[in-house]
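Feature annotations, courtesy of TrEMBL:
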ACT_SITE  D308  active site, proton acceptor
BINDING   K221  ATP binding site
DOMAIN    59-168  domain 'RGS'
DOMAIN    446-511  domain 'AGC-kinase C-terminal'
Amino acid sequence: MELENIVANTVLLKAREGGGGNRKGKSKKWRQMLQFPHISQCEDLRHTLERDYHSLCEKQPIGRLLFRQFCETRVELMRCVKFLDAVAEYDVTPDEKRKEYGQCLIETYLNPKVRSFSVCKTKEPNGSLQGASPALIDSASFPRLIHDYLSMAPFADYLDSIFFNRFLQWKYLERQHVTKNTFRQYRVLGKGGFGEVCACQVRATGKMYACKKLEKKRIKKRKGEAMALNEKQILEKVNSRFVVSLAYAYETKDALCLVLTLMNGGDLKFHIYHMGEAGFEEPRAVFYAAEICCGLEDLHNERIVYRDLKPENILLDDHGHIRISDLGLAVYVPEGQTIKGRVGTVGYMAPEVVKNERYTFSPDWWALGCLLYEMIEGQSPFQQRKKKIKREEVERLVKEVQEEYSEKFSPASRSLCSMLLCKDPLERLGCRGAGTQEVKEHPLFKHLNFKRLEAGMLDPPFKPDPQAIYCKDVLDIEQFSTVKGVELEPMDHDFYHKFATGSVPIPWQNEMIDMECFKELNVFGPDGAVPPDLDWKGQQPTVPKKGLLQRLFSRQVTCVENCPWSSVVQSTNQLHNSHSIFSHSRGEQPLPSRLLCSGKRLPKLPCGHDRTRG
C-alpha cells in the first residue's frame, strides 16, 4: 500500500518538473494539436467576434501581445506603447525610488522639448492638445487618454492587418472541443463536495492543473445543479492572481469537470497545524492577510461575496503566494441590494449571518479577522481545536462574547483583528464606506507596497519545498460511496451543455504564453512576408490525415480502379446508362442491383479463373 503512494507521488513530481525532456511535458504531437487553421476557416469568427478595443487589445493576453506587435510596425504607435509601459513600471516602483523614476518619465515623454512628446500628447475633451502633469500620471488619467487614441484609427488599422488575422487563428484554437483526452490524469489530491480532485496535465502544452470532478448522479441526488453552475460561472468571471482560475470546463460520461489552477503548496490549515508549532510568526500571517485582502477586493469589485473564508480554502502555489479557492458558496450581490443566507462554516460565520440578517460584503471582512487571529494564535477565536463544542454554543460566542488576545499579538495586529471582528457590521473595518481601502490603510500593512504585492513582485516569507507533496497520502483520502437510486435523463443534458463550455479565454491564452507555445508558433514570414496559413491566395486547408480504416478502404477502391477488370466495370456501367434494356424511364423494371457492377467490389470469379486474362 505504501508502494502505491510512492509511485503516485513520483509520477506526479516528474510531471510537475516537465517530464525531464526538452518538450517540458508537451505531447510529441503538440504542434499538430495546435496547428493554425487556414485564415479562410476563421471567417465566422471574424464576423461574430465583438470589435471592442478593451477586450481585444487590453484584456486578452494574446490579443494584447499581437496588438503590440502591430504597433511595433509604426514608430509613433511604438512610442505610445513604450509610454504605457513606463507608466506601468512607475506604478510598481518602490516608494523610495518613485519620485526619481517619475521625474525621468516626465522628462522622456511629457516634455514639449523632447521629440517623443509630439506623439504622446492627445486631445483633451475641450479639443486642446496638452501634455500631462505627474498628478495625471498617478491617477492613470493620461494612460487612459493614450488608450482612447489607440482605440480609434490605429485599432481600425489593426483589424485589417495580418496580426488580427493571426489573433483569429488563436481564437479558433481556443474554441476547440475539450474532452478528457485533452489531459493526462494523475493522483487524487483531495475531495470536493461532489467528487474527488486530482492533478492533470494538458497534453498540448504540458501545463499542470487541478481537475475538480462533480459526479453527475451525486449532483442530481443532492439537487446541486444551481450550486455547481453558480461556482463555474463565478470562477469564469473572476480574473485575479489571488483567486484560483478556471481554465476549462468539460464533461465525461459520469462527471462534470472544472480544470483549475494547481496549487502545489497545500492549504493554510495544513501549514498552521502540521508544520511545527501551531500558528505563524506575525510577518508571515500579515503577508497572507494582505494577499487575501487583495483577493477579496477583486471578488467584491465583481460584486461577489465569498462567504466561506477559512484556512482550508486558502491555497499556496509553488512560490508561496496564496489564492482563494472553493467558490461554491459565493454569490453575486446586485448593485444597491442586499442578500440573505445562513451559509458558511461554523466559527467563521459573521454575527449577521448567524442571525439570518441581510448583508452585502461584511461577512468576508469578519472571516478575514477570524483567519488572521487563527494564523497568529494557532487556534480559532471562537472554538478550540480538537475540542467539540456544540454549534449553538459557538454561535452564542460569535454573537455575544469578545475574543481574547495573547502576547503573540502586537498592538497593530490586535487592533486590526478587533476592528475586523466588530459585532456590528456597520462599524466593522471594510464596511464603513471605503471598502478594501480601509483595510489596506491599517497600520499593520504600512510597510507593504500593495501595488507591488498585486503585481506579484514581493517575495513570500515561506516557499514550499518543490519535492514535497502537501496533501494526504492517496490511500488516506476517503473515497466517495456509489450513488444509488439515481438515473440520468435526457433533460439533464441541457444542464450539462450549459456547464461544459470548453476553454476559458484569458487563462487559456495565459497558458499558451507561459508554456512558450505562443513564442514558438506565432511566427510570420521573413521580412514581414505573409505566411501560407494567412495568405488568401496561397495554400488552402490541408485535408485531415485519414485514419487506418479510411486508408484501408481507399486502398481497396484504388486497387479496383487499377485492375484490368475496371474496364469491364466501366463498360457495364456505360451499357447500363445507354442501352434501353437498362433504362426504366418508360416504367420498365430496373435490372437487379446484384447484376450491376458498382465499382465498389468485384464479382467473385470461379475457382481457377485467371483474372488477368479475362
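Cβ coordinates are placed from backbone N, Cα and C, and glycine is handled just like the others.
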DSSP-derived helix, strand and coil totals, residue by residue, for the domain 'AGC-kinase C-terminal' (446-511): 23 helix, 2 strand, 41 coil
Cα separation, D308 (active site, proton acceptor) to K221 (ATP binding site) (Å, whole number): 23
DSSP-derived class (H/G/I helix, E/B strand, else coil) of the residue listed as 'ATP binding site': helix
Structural state of D308 (active site, proton acceptor), classified by DSSP into three states: coil
Average model confidence [pLDDT] within the domain 'AGC-kinase C-terminal' (446-511): 89
Those recorded positions listed as K221, D308, and which of them has the most Cβ atoms within 10 Å of its own Cβ: D308
